[in-house]
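Summarising the annotation, Swiss-Prot assigns ubiquitin cross-link to S2. Look at Swiss-Prot and you will find S2 tagged as N-acetylserine. Taken from Swiss-Prot, the feature phosphoserine covers S78, S112, S125, S141. Annotation comment: Swiss-Prot describes T140 as phosphothreonine. The region 'Required for binding cyclins' annotation in Swiss-Prot covers 17-24. If you look up Swiss-Prot, you'll see 53-58 marked as region 'Required for binding CDKs'. If you look up Swiss-Prot, you'll see 78-106, 118-142 marked as region 'Disordered'. Swiss-Prot lists 147-159 with the feature region 'Interaction with TRIM39'. Marked as zinc finger by Swiss-Prot on the basis of sequence analysis: 12-40.
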Amino acid sequence: MSNPGDVRPVPHRSKVCRCLFGPVDSEQLRRDCDALMAGCLQEARERWNFDFVTETPLEGNFVWERVRSLGLPKVYLSPGSRSRDDLGGDKRPSTSSALLQGPAPEDHVALSLSCTLVSERPEDSPGGPGTSQGRKRRQTSLTDFYHSKRRLVFCKRKP
């Protein structure tokens, strides 16, 4: 054990973070990352018969076909892919005017009505019937998700 009188003050250093391996060569790091990305893209290209750089299908074991995104919610559509589909990009069939108009307004109204009906039902609320939405949720326990079961242990009776 050390004595309290043996305590030496630690010299104050301005930097806590130390460069242990020398300065970073950003050009070499970029080349390494580009080489790794090119290797991953080549492996994916051979595996899936699809060129992910140009986004074109290749000949091979898989047959790729275009799926229109009319049935998908807008959350799943990236802004770039939606504009390319609408504009009819390279090697893609042009879209008709009916497809560019989007969903019919009556479909949108029916969807919003069904959503409001679901949210107004109190028995579907997380706190159960009769609880207000403003309250905090209680802490969940393991038995909320799994039913507790008694384990049967068979043993011989003592005579």
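Cβ atoms are placed via backbone N, Cα and C, with glycine included.
The Cβ of the residue listed as 'phosphothreonine' has 9 other Cβ atoms within 10 Å, all protein chains considered. S141 (phosphoserine): 9 other CB atoms within 10 A of its CB, across all protein chains. Long-range contacts of the region 'Required for binding cyclins' (17-24) within the same chain: none, as no residue at least 6 residues beyond the stretch ends has a Cβ under 8 Å from a Cβ of the stretch. Across the fold, the C-alpha of T140 (phosphothreonine) and the C-alpha of S78 (phosphoserine) stand 36 Å from each other. Cα-Cα distance from S141 (phosphoserine) to S78 (phosphoserine): 38 Å (rounded to the nearest whole number). Secondary structure of the zinc finger (12-40) per DSSP (helix as H, G, I; strand as E, B; remaining residues coil): 15 helix, 0 strand, 14 coil. For the region 'Interaction with TRIM39' (147-159), the DSSP-based tally of helix, strand and coil residues reads 0 helix, 0 strand, 13 coil.
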